[in-house]
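This report concerns only the one structure given below.
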2 protein chains.
Amino acid sequence: MRLALAGAGAVGASTLELAGEYGHEVVAIADSSSAAVSEEGLDPETVLDRKRETGSVGEADPEALFAADYDALVEATPTTLGDAEPGFSHVKRALEADRHVVLANKGPVAERYADVRDLEAGSDGEVLFEATVGGAIPALSTITDVGPGRVTAVRGVLNGTANFVLSRMAAEGLGYEHVLAEAQDLGVAEADPSFDVEGTDAALKCVILANVLYDREYTLADAEVAGIEGVPGSALELAAEDGRTVRLVGEVADGEVRVGPRLVPENGTLAVTGTRNIVQLDTEHAGRLNISGRGAGGHETASAVLADVGRLARR
Amino acid sequence: MRLALAGAGAVGASTLELAGEYGHEVVAIADSSSAAVSEEGLDPETVLDRKRETGSVGEADPEALFAADYDALVEATPTTLGDAEPGFSHVKRALEADRHVVLANKGPVAERYADVRDLEAGSDGEVLFEATVGGAIPALSTITDVGPGRVTAVRGVLNGTANFVLSRMAAEGLGYEHVLAEAQDLGVAEADPSFDVEGTDAALKCVILANVLYDREYTLADAEVAGIEGVPGSALELAAEDGRTVRLVGEVADGEVRVGPRLVPENGTLAVTGTRNIVQLDTEHAGRLNISGRGAGGHETASAVLADVGRLARR
């Protein structure tokens, strides 16, 4: 497939690097200020070197991305809340041009799902978004295979930063602020960690799951969300005495979306450690499926993006 | 899709029962002595009642199955070794008639993989076989998505009977013979349990994984196989003192297929309990993925069969 990449951060850059190995070519890439286009396929190294040295991917206007001759747009600009822009407009332009869309950006499918599906219905293009939930974990494709109507509940640990902080607090008996600072030093937590530790990121993933499972549209406003900032070290100690620990668990069941710190068995399936994620699906005919893996990272997320591209190519 | 079912055991019967819910219809089903065919779609209850009462699914000759107007053959006759018959001939007839094939029977893809792929290459039909490895666990579709060349190793606990026996031996401190008899009473182990406890079933699944991962053909003869009959209760006790336990682990890595009892951490990922299965994929760009779920059962396996049918329908 011929790919156009919107966004040249970790996911965009990794997709550019790996696409060739998966049998696809990147004919255009844009960041917020520039674009590079080549009908013969871009050379990843040239583009990424230029981005490192000059801060921009090419000499063209970002607008050139949409003029390229591509089969699928990969939308990997940062997730934004509310109107999900500029991601949503990118999706709209690609679908209106009858191109496929593969999302790494959660915004369009978390905040404007009905709009995206309406645009898709009027397009020859399709929208896939495996990378938006659980990184490398094949959560959405498994739901598609099982059939959304036959998935009775989804639970998951879907934010690596929050999980790293809770795992370290429990393992080392350290306080929240201390471990958070450590996570920031290690690059596991952002300078402003609120998106992760307040539960927003996990909630967006659960909202996307709800949109796939149910007939009505969900947005962040429909989720009941609590973060991990209020979890004291003493709570983890008390839990440990009882063979349990605390995880930031997201749950989609009975039409409700909830995210918050929950007690789980210390050696249980949901107690993944470090930055790992897990998705647990309860199904009508196949019992419970657990899928765990790396929930974030450029290569890991690009791998999910390219799995979606492969699915589109096989159809 | 219009389905023809070869085999009316637990998997065939469950597929017949569930197909309608997944939007497909069964136009023919055959057991070893009879067939039922209806161009308008068979009524599951009528067929299954008849089978229960008379031992045969219908009045037609089994041969009638292939004369039906179907899109995909579901091959769910028992797995046989060596020439993989009669499953292989069923696959051949369907592919030669340019129909798709979905396998629950491991034989054709474990013992005659190259022949199956050759037939597929000359057919408009495709062959899928998710149900042959790990029941409800989406192992093969995840490998397809990741790309077989990017999976560096697969490990798994792939036989529920052997796992039930080892879990019970460890949990209750009971001997092998005692627990096996108990498993037979519960219907978890067959009257002749050799296929499961000697590692043959797990090895066939690993051989199928190797066939998908590597370029050359594997059969059971290429696998190094040890079963669990020789595992003494004392080995489990010793392992437990060290925080470990024993599982029948299959491994496909570096071109080799090995199955045997292995020490694994007691609370580790591979130590699934009871009849659960787990598949662990090491990937080049996405780290390690673990998928666990029910590895056997009529509905569970039918669910994997119908996921394959859905994949074919979407193409």
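Each residue, glycine too, has its Cβ placed from N, Cα and C.
Listed features, source TrEMBL:
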type	residues	note
BINDING	B:Gly7, B:Ala8, B:Gly9, B:Ala10, B:Val11, B:Gly12	NADP(+) binding site
BINDING	B:Lys106	NADPH binding site
DOMAIN	B:149-309	domain 'Homoserine dehydrogenase catalytic'
BINDING	B:Glu190	L-homoserine binding site
ACT_SITE	B:Lys205	active site, proton donor
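Structural mapping of features recorded in TrEMBL.
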{"residue": "B:Gly7", "record": "NADP(+) binding site", "Cβ within 10 Å": "23"}
{"residue": "B:Ala8", "record": "NADP(+) binding site", "Cβ within 10 Å": "25"}
{"residue": "B:Gly9", "record": "NADP(+) binding site", "Cβ within 10 Å": "14"}
{"residue": "B:Ala10", "record": "NADP(+) binding site", "Cβ within 10 Å": "17"}
{"residue": "B:Val11", "record": "NADP(+) binding site", "Cβ within 10 Å": "28"}
{"residue": "B:Gly12", "record": "NADP(+) binding site", "Cβ within 10 Å": "29"}
{"residue": "B:Lys106", "record": "NADPH binding site", "Cβ within 10 Å": "23"}
{"residue": "B:Glu190", "record": "L-homoserine binding site", "Cβ within 10 Å": "13"}
{"residue": "B:Lys205", "record": "active site, proton donor", "Cβ within 10 Å": "28"}
Of all the binding-site residues given, namely B:Ala10, B:Val11, B:Gly12, which is spatially nearest to the residue listed as 'active site, proton donor' at the Cα level? B:Val11
NADP(+) site, defined by B:Gly7, B:Ala8, B:Gly9, B:Ala10, B:Val11, B:Gly12: further same-chain residues with Cβ within 8 Å of the Cβ centre: B:Leu5, B:Ala13, B:Ser14, B:Thr15, B:Ala76, B:Thr77, B:Ala104, B:Gly298
To the nearest Å, how far is the Cα of B:Gly12 (NADP(+) binding site) from the Cα of B:Glu190 (L-homoserine binding site)? 19
May I ask for the distance between the residue listed as 'NADPH binding site' and B:Val11 (NADP(+) binding site), taken between their Cα atoms and rounded to an integer number of Å? 13
Relative to the Cα of B:Glu190 (L-homoserine binding site), which of the binding-site residues B:Gly7, B:Ala8, B:Ala10, B:Val11 has the closest Cα? B:Ala10
Three-state secondary structure of B:Gly12 (NADP(+) binding site) from DSSP? helix
According to DSSP, collapsed to three classes, what secondary structure does B:Lys205 (active site, proton donor) have? helix
Could you pull the average pLDDT for the domain 'Homoserine dehydrogenase catalytic' (B:149-309)? 96
